[in-house]
Amino acid sequence: MTPMRKTNPLMKLINHSLIDLPTPSNISAWWNFGSLLGACLIIQTITGLFLAMHYSPDATTAFSSIAHITRDVNYGWMIRHLHANGASMLFICLFLHIGRGLYYGSFTHLETWNIGIILLFMTMMTAFMGYVLPWGQMSFWGATVITNLLSAVPYIGTDLVQWVWGGYSVNSPTLTRFFTLHFMLPFIITALTTLHLLFLHETGSNNPLGIPSHSDKITFHPYYTIKDILGLLLFLLALMTLTLLSPDLLSDPDNYTLANPLSTPPHIKPEWYFLFAYAILRSVPNKLGGVMALMLSILILTTIPALHTSKQQSMTFRPLSQFLYWLLITDLLVLTWIGGQPVSYPFITIGQVASVLYFTTILLLMPTSSLIENYMLKWT
């Protein structure tokens, strides 16, 4: 008799996605981050829902409602810190997931890759809005500085900023709309994640060798379900260690001070996962130019499939490209460090050099190195 999972319309969907899914037999631990991102999304949604039950999106009560959650709600401190550190863990998994896609050439699956970039944008938007909600000093000034960038848009810039703010400054209307969007966006992200998976299962997963693996595939369950559970346990160990032993390690002390429009913090900066883009923004002296560089630092990912000049999909057997790949990763780490430093010499110069190197590596050096490798292997 045919198992129910193969006949029931609902179970058939789950079966084709998680149980009988044909999967390459040689995918490594770098392929674990997709499932970890799914776990992150579930954790963030659940903790976020519990926080929303006690949160008050108003400039006069937001800060005290966070204090109330932390002090008076049962396990409120834990839910709050799980949510804040869960965002950091989500971005770590997200960056590693994108890094794996770049290294092993997963960007050749165009629909999956482009939906992934949209997901990255939406996750960044959601995280930024979430950072504003505690209504501390860094929340307020971060919101003021980042939303002010819209004023760089020609003709409609000023009107656009006031429209986003809901007034002439960041205040209660801004907080209310940010809370609404922060609540709504994760559900759109969940829908897009389903699309991301749908397109991935149309083409099948890539593998470390970057070669077709149709002749050697195994079922997802039990092999990769066990592997994903191990990854999930290690992920939960890291998240709980961070949350229980050092919950404020990745947050800013300024956010424990109530937002004050009359007092500017000495150094305004976003959360650590935005620092690389913030450094690129600051390295351009012109406001509009900076905003464009900021957008391009993420949008450049859409050009990667077009810039792929190698005859090989993966970087596994391409030492020159590997060197440039790790140069790019190092450059991003330097940009992250610079984004957290004050705007003074020598940090300005280092940031500008690192920003130029970031774009040059992706747009020029990597495609050129691929052509050199093709020539050396006589694959021209």
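Including glycine, each Cβ sits where the backbone N, Cα and C put it.
Taken straight from Swiss-Prot:
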- 33-53: transmembrane segment (TRANSMEM)
- 77-98: transmembrane segment (TRANSMEM)
- His83, His182: heme b b562 binding site (BINDING)
- His97, His196: heme b b566 binding site (BINDING)
- 113-133: transmembrane segment (TRANSMEM)
- 178-198: transmembrane segment (TRANSMEM)
- His201: ubiquinone binding site (BINDING)
- 226-246: transmembrane segment (TRANSMEM)
- 288-308: transmembrane segment (TRANSMEM)
- 320-340: transmembrane segment (TRANSMEM)
- 347-367: transmembrane segment (TRANSMEM)
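Residues 69, 79-80, 82-83, 86-87, 89-90, 93-94, 96-97, 100, 183, 186, 189-190, 193, 228, 231-232, 235, 239 of the same chain, all 6+ positions outside the transmembrane segment (33-53), place their C-beta atoms under 8 angstroms from a C-beta of that stretch. By the Cβ criterion (distance under 8 Å, sequence gap of 6 or more), the transmembrane segment (347-367) is counted as touching the transmembrane segment (288-308), at least 3 such pairs being found. Around the Cβ of His83 (heme b b562 binding site), the number of neighbouring Cβ atoms within 10 Å comes to 19.
Nearest to His201 (ubiquinone binding site) in space, judged by Cα atoms and limited to the binding-site residues His83, His97, His182, is His97.
Cβ neighbour count for His97 (heme b b566 binding site): 20 (other Cβ atoms within 10 Å of its Cβ, all protein chains included). Summary: among the binding-site residues (His196, His201), the fewest other C-beta atoms within 10 A of the C-beta are counted at His201. With a 10 A radius on its CB, His182 (heme b b562 binding site) counts 21 other CB atoms from all the protein chains. A gap of 20 Å separates the Cα atoms of His97 (heme b b566 binding site) and His83 (heme b b562 binding site). If you take the Cα of His182 (heme b b562 binding site) and the Cα of His196 (heme b b566 binding site), they are about 21 angstrom apart, rounded to a whole number. Residue pair His83 (heme b b562 binding site) / His196 (heme b b566 binding site) shows a Cα separation of 24 Å.
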